[in-house]
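What follows is a short report on a single structure.
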Amino acid sequence: MSTSFPELDLENFEYDDSAEACYLGDIVAFGTIFLSVFYALVFTFGLVGNLLVVLALTNSRKPKSITDIYLLNLALSDLLFVATLPFWTHYLISHEGLHNAMCKLTTAFFFIGFFGGIFFITVISIDRYLAIVLAANSMNNRTVQHGVTISLGVWAAAILVASPQFMFTKRKDNECLGDYPEVLQEMWPVLRNSEVNILGFALPLLIMSFCYFRIIQTLFSCKNRKKARAVRLILLVVFAFFLFWTPYNIMIFLETLKFYNFFPSCDMKRDLRLALSVTETVAFSHCCLNPFIYAFAGEKFRRYLGHLYRKCLAVLCGHPVHTGFSPESQRSRQDSILSSFTHYTSEGDGSLLL
């Protein structure tokens, strides 16, 4: 999915009317091996981590909160994203590539999961802003019903925003590439990359930064011994998003400039191709980190993992399982790393994972 985000261009040469052919065969070969191994790792860790989040949320007997709804949809977005990686791995190592239908579907699911995950991260930051900074005004609006409605809207937005990324994708000469109409040949790839840079990075980062800055201001204005841990977690959320996605988006922007011949030399094109593959690995692994940032940090979720482990062990050993997991029976807001996020809101707002 490197080059022309995230089309997989397996050509060994890059041609320019005003220059000699630039050999990229060694870069392509390295990228094939490197990305194949990486996709397998991200698929494994992303699948396990996000499935645990889904299991924790769906098996809880505690009433759901609006935060639970968003966390569930974030995990589902990441699962949709990682589910496409085995198909991209097959595409990388196979000479036959993907069939036309699989090419279009895999690209569609990839981008819907990609934008959906980033949009839900943004929605979670807005929800935290409403719960803490505007607690009194937003209490009645932060219901499960509102969460479901907003989540459906986010999925619709993700599909709408993702559609330009896959609407022209098809199998062509054993490659899964964008086959654009002649009038869009030069414009559409630039629009695709710009959409990723703006809607998939710059705007979400701006919203998150504003929301968490105001949250930190509010936390510092209140006396709470858990304040420092809450602030550290907020900084971790923003820093992780910035650290994982910034290098890749810079490379996407430079890839866009390449359409305007900003990088005429072959060495620069080779470096850009290599850097795009490497930064892609960093960016895509963010979906493996989401469960740790938004869920695993919660004391209740760790208790659920312990319960799940004991339950599986009992089943494997043939022992009956006597108790079910009920976070409500182990309720302890102050024991949760994220408790300060909801401590200023109503008691009914607590998430299973927070």
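Any Cβ shown, glycine's included, is placed from N, Cα and C.
Among the features that Swiss-Prot reports, disulfide bond is placed at CYS103-CYS176. Taken from Swiss-Prot, the feature phosphothreonine covers THR345, and the record attributes it to a large-scale study or a structure entry. Swiss-Prot lists 1-32, 92-104, 169-196, 258-274 with the feature topological domain 'Extracellular'. Look at Swiss-Prot and you will find 61-70, 127-143, 217-232, 299-354 tagged as topological domain 'Cytoplasmic', backed by sequence analysis. The annotation transmembrane segment is assigned in Swiss-Prot to 33-60, 71-91, 105-126, 144-168, 197-216, 233-257, 275-298 on the grounds of sequence analysis.
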Count of other CB atoms lying within 10 Å of the CB belonging to CYS176 (disulfide bond): 26
Stretch with greatest number of CB pairs under 8 Å, the transmembrane segment (197-216) reference, 33-60, 71-91, 105-126, 144-168 candidates: 105-126
Under 8 Å by Cβ from CYS103 (disulfide bond), counting only residues of that chain that are 6 or more apart: GLY97, THR169, LYS170, ARG171, CYS176
